[in-house]
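To start, the structure itself, in structure tokens.
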Amino acid sequence: MSIRASAIRRPDEDAHGATNQETGTMNDSAAINETAQIEDRTAKKGFSRFAPTGARVVMGLLFFVMGLNGLLQFLPPPKPGEIPPGAMELTLAFARSGYMMQLVGVTQIVVGALLLANRFVPLALVILAPVVVNIIAFHLFLAPQGLPVALVVLALGLYLAKVHAAAFRSLLAPRA
């Protein structure tokens, strides 16, 4: 072969004779095909791409409003006899402590505001975890009529934790 002769290459070889598989590059049709697959996956999401925002806003509103209600009492209280005796005793004990109901209310307001503002969401979820566990336990053992709403709160919290799982990886590492 002379210097002037052009080299014949396979369509998937570069100027140095390496194939696309060896160099990790793609030809144009492969790049277009991959882009189309990504667009298909994105288009399939539809509603699900709004689900994290919806879950965050619903949970944020719920905790923000209920925290405000805990401090300001603007929602009508339950009628006498609607609250089971054990639930009433625990609630009264918290109220008599002089700080517990205010602490829970302020915590709910702050965490609800963080969720609504989409700021420090993983931190808000970590702070809410023991609150949600206590909500579930309260309704499971003392006031079962509120359990469906408590389970919705738990589901929203778990879903948001899954969405933000990358933020929790360092917390769940077996070693520091």
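Here the Cβ of each residue, glycine as well, is placed from N, Cα and C on the backbone.
Because TrEMBL annotations are produced automatically, they should be read as predictions rather than curated entries.
The following features are taken from TrEMBL:
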REGION    1-30  region 'Disordered'
COMPBIAS  18-30  compositional bias 'Polar residues'
TRANSMEM  54-74  transmembrane segment
TRANSMEM  94-116  transmembrane segment
TRANSMEM  123-143  transmembrane segment
TRANSMEM  149-172  transmembrane segment
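If you count C-beta pairs under 8 angstroms between the transmembrane segment (94-116) and each of 54-74, 123-143, 149-172, the highest count goes to 54-74. Beyond the transmembrane segment (149-172), the same-chain residues lying 6 or more positions past its ends with a Cβ under 8 Å from any Cβ of the stretch are 51-52, 55-56, 58-59, 62, 121-122, 125-126, 128-129, 132, 135-136, 138-140.
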